[in-house]
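Feature annotations, courtesy of TrEMBL:
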BINDING   Arg269, Arg396, Lys461  tRNA binding site
COMPBIAS  476-490  compositional bias 'Basic and acidic residues'
MOD_RES   Lys282  N6-(pyridoxal phosphate)lysine
REGION    464-490  region 'Disordered'
Amino acid sequence: MNSENFSISEKIVSPSYIRQGSQARRSHEQLIRLLLEQGKCPEEGWSESTIELFLNELAVMDSNNFLGNCGVGEREGRVASSLVARRHYRLIHGIGRSGDIAAIQPKATGSSLLNKLTNSVVLDILKLSGVVTSCFVVPMATGMSLTLCFLTLRHKRPKGRYIIWPRIDQKSCFKAMITAGFEPVVVENILEGDELRTDMEAVERKVQELGAENILCIHSTTSCFAPRVPDRLEELATMSAKYDIPHVVNNAYGVQSSKCMHLIQQGARVGRIDAFVQSLDKNFMVPVGGAIIAGFNESFIQEISRMYPGRASASPSLDVLITLLTLGASGYRKLLAEQKEMYTYLAQELKRLAAAHGERLLHTPHNPISLAMSLDDLQTQSGKSVTQLGSMLFTRQVSGARVVALGNKQMVSGHMFSGFMSHSEAYPHPYLNAASAVGITRDDVTLCIKRLDKCLKSLRKESSARSGSPIPLTGQEDHAGEHVYKCNKK
């Protein structure tokens with residue numbers, strides 16, 4: 001209620017009680033006022049009642065919620081289901097206009113304000129994560145967002161036909177280049193210890209071989225599955241500047257990693273990074289369907305936003321704004337700290353388990369999120385046991401773990417990848433991946449290790465039964481009081 005309605009209410013209920021209610025209302029409004037003034041993520045998270053009040057205030061500014069509104073157009077925010085209307089807080093019009101996803105909609109002032117505030121709050125979080133940049137939220141996942149970046153570059157580099165891509169075995173980033181109409185030039189990684197790293201000499205040879213003017217961009221990666229580690233962004237950025245070639249970074253789940261964000265900031269400082277793309281769901285724990293396109297040249301980022309055809313769904317913007325207002329900057333910083341803590345715990349537990357089964361935790365210190373445990377001994381017992389392990393974990397409700405066997409081949413959009421999923425034509429070890437991503441808990445790690453241990457024991461027993469040579473196991477008590485079985489090899 002406004003001040004006038006509060007004054008009238010004092011004639012109905014005791015003025016002292018009304019004043020108390022008015023003060024409570026003002027405390028909510030003060031938080032909203034600070035958000036509108038500063039455009040930053042609040043330090044402390046908001047209550048659900050404040051968030052709902054704010055969203056309702058935005059919704060009543062959209063024409064579909066005007067009392068007595070008479071809509072005679074084809075797009076008037078009509079919704080058949082009241083359940084759908086409530087799910088979207090009656091913010092129905094979406095964001096942007098037919099020519100620009102960032103444009104203001106005259107019929108949707110509240111939704112337009114939502115969009116502007118979301119971009120501002122997300123920008124504040126990127127700065128909190130260590131990168132000073134320009135950005136906007138787009139209602140597409142990472143792959144299609146990368147495609148939008150490539151299509152925007154097409155107008156700047158009409159001769160550009162090729163995209164140089166240090167190999168990472170993830171289909172969507174490869175298909176993003178194909179969908180945009182370009183030819184990916186796959187550069188194999190080099191093995192350094194257990195890590196797969198960018199072959200800078202091979203990248204430069206490709207630049208010289210193809211001609212810089214014929215290359216649309218270099219497409220690098222930060223967040224990835226071990227034993228692949230983030231690309232050498234500083235060197236790639238320096239090379240991009242040297243040859244005047246745009247540089248687009250796939251930073252899918254890298255916002256949660258200070259190391260990945262530092263690589264991006266450093267790359268932009270010493271060389272060239274035109275845009276970097278990150279997923280909303282992986283970094284902010286919201287439903288799949290949105291991404292952040294960011295860069296260091298505001299005019300280029302605006303150019304990408306104008307490339308998006310038509311209006312867009314406001315759902316990803318709404319989801320991430322609600323989430324960040326709930327967490328606050330302090331809450332998100334806490335999640336980032338917990339991610340690092342859980343990474344250390346997961347590494348310790350995987351290393352302990354690997355030793356108990358004659359395996360080892362692969363040494364990949366440059367990867368701040370993903371870990372890999374060798375499966376060499378399991379491969380020796382039976383090649384089928386490696387792939388069977390993945391199925392066993394999934395049926396036991398361990399999601400997200402990837403089991404990579406040797407020799408996989410996969411055709412992706414006309415390109416044959418040898419050793420698919422291992423980021424290399426001939427990686428020397430089969431392995432299992434696990435990741436410490438934002439939101440993971442200690443219970444998740446503990447339960448995963450327990451179930452993985454049981455699966456490995458079961459496969460070992462099956463292998464022993466088939467070979468007719470049982471392998472004795474001895475039980476040892478670990479510090480937690482659980483049994484750790486070690487293999488006594490002859």
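Using N, Cα and C of the backbone, Cβ positions are placed for all residues, glycine too.
Features as recorded by TrEMBL, highlighted on the structure.
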residue	record	contacts (Cβ under 8 Å, 6+ apart)
Arg269	tRNA binding site	none
Lys282	N6-(pyridoxal phosphate)lysine	Ser223, Ala252, Tyr253, Gln256, Ala437, Val438
Arg396	tRNA binding site	Arg451, Lys454, Cys455
Lys461	tRNA binding site	none
